[in-house]
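Below you'll find the structure, written out as structure tokens, and then a few comments.
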Amino acid sequence: MSLNAERSYKMKLRDVENAFKYRRIPYPKRSVELIALLAISCTFFLFMHTNKLNSRLKEMEVKLQPSEFSALGLTGNHISGHDAGKHDDINTLHGTYQYLKSTGQKVGYNVHDRRSSEEQLRTPTAHGHHHDHHSHHHHMHQQEKIDGHKHKASHDKQLAVPDNKHKEDEVHYEDDEDEVEENDDDLANDVGTTDSEGFNFKADLLNNTKYAEVDFVFFNRVPKVGSQSLMELMARLGKINGFTHARNKGSAHETIVMNKQRQNDLIADLLTRPKPHIYSQHIAYINFTRFHLPKPIYINLIRDPIDRIISWHYYIRAPWYYRDMQAKLGENAIPMPSEEFMNLDLDTCVRNHDPHCTFTQMQIKNPVGDHRRQTLFFCGMNQKLCMPFNSEAAMQKAKRTVETEYAVVGTWEDTNITLSVLEAYIPRYFRNAKVAYYLGKDRLSRVNRNNVTRIVSDETRLILRKNLTNEIEFYEFCKQRLYLQYAALSHGKRFGEDDYLLVPEQQNEYNEDY
């Protein structure tokens, strides 16, 4: 083939190749329009569907916020009391969430941020009205002491609770000393973040046990909340978990508010006792660190304020109560009152404005000694702040103390939740608490129980409710905190069916030496 012929052949071959490579396949005009319309339709559908899905997710987020409580089976019946007049905002799960939000508890998982803010406020300059007796040198000394206890964090997470079995004596809130402290300093706590095995992050943030500086539990028990049963349980757990327990000496009258010297003497005595140990007494909250002494683990129990008043009214009108005091205290016991006093029912007492049943707002010393102030046991020893009855200021101070100082504040109204939280947050003392409780439930449920009681009318309950507004708010606050602690442990799920413990049948001989 000649050179020209070969070149012509190659050019034709290249033209064919280019024609094939850059070929254009014709489409009907209608097909192009359909494809464009389909693309636009798909884009619009995806946009609308995504927007609707986003709105639905936001709605579900709000509805599912309290899911940790619904997973626990906590409904309005668990949170509210018997009466119809209770706060509407916690009678539903969504209401519970809104209540927690309004009190700052739902964002309470940012406890480290809160504590950091409090630390800044508690410097000698910013907090001078609380620390006008402390120098900058002492502030640095206290910080060094707190830092020195950091290495105990994992051990301190395993501390806490009270003991013993004894009847509650009639008590008076009036202090038997002239001097009552006027300043009840807040405690500056170190912030720990170390988790131990079995703890999740949220539970750790709600656990104050790790801030304890000594292996000692202080149970400043509130009267008529079932503290005798808890002390009996502690007596049994002491044999299992290896700690000692004690309570104050019985007396005809209890001193709830003490002056500074008596507080110091009591603390010094308690800190010299062999450890680990627990101590219980009817006494208002004591701030150990204001005496430059190590902080213990604080625990307590609460009860519906209306039920407490009903319980107290009939407790001091039970003949066996005075016979028991006579047997224990002899000639120092209070004599049995008149028959008229013993037979006075609460409905009549409230209706006739008897001094025993008159609830004057902001009253500092009521005519008769009783236990109408549950907040006092958490507010502290500042008589001017904490003694006025149903005081909002006392209630707010009590809330703050519970949130920053107390490891656990439980209630027998939620037995399984309380025992579960105690076991998990203070295992050093409460390990096996549920087993011990259910094995001895018959005995524990009868400790100090008063069968001398009567039905109280709805009218009387309503009158009490109107006069105990801040006491009731504090009680509800403590229950919400307890539920949060439990929910944090369970990751929003049940531990078991209602967290009931299945205990195998046992012979009764354990009652003798358990």
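Glycine too: its Cβ is placed from the backbone N, Cα and C atoms.
Now, the feature entries from Swiss-Prot:
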TRANSMEM  31-50  transmembrane segment
TOPO_DOM  51-514  topological domain 'Lumenal'
COMPBIAS  112-121  compositional bias 'Basic and acidic residues'
REGION    112-185  region 'Disordered'
COMPBIAS  127-140  compositional bias 'Basic residues'
COMPBIAS  155-170  compositional bias 'Basic and acidic residues'
COMPBIAS  171-185  compositional bias 'Acidic residues'
CARBOHYD  N207  N-linked glycosylation site
CARBOHYD  N287  N-linked glycosylation site
CARBOHYD  N416  N-linked glycosylation site
CARBOHYD  N451  N-linked glycosylation site
CARBOHYD  N467  N-linked glycosylation site
Length of the line joining the Cα atoms of N207 (N-linked glycosylation site) and N416 (N-linked glycosylation site), in Å: 18
Fewest other Cβ within 10 angstroms of its own Cβ, chosen from the glycosylation sites N207, N287, N416: N416
Averaged pLDDT score, the topological domain 'Lumenal' (51-514): 74
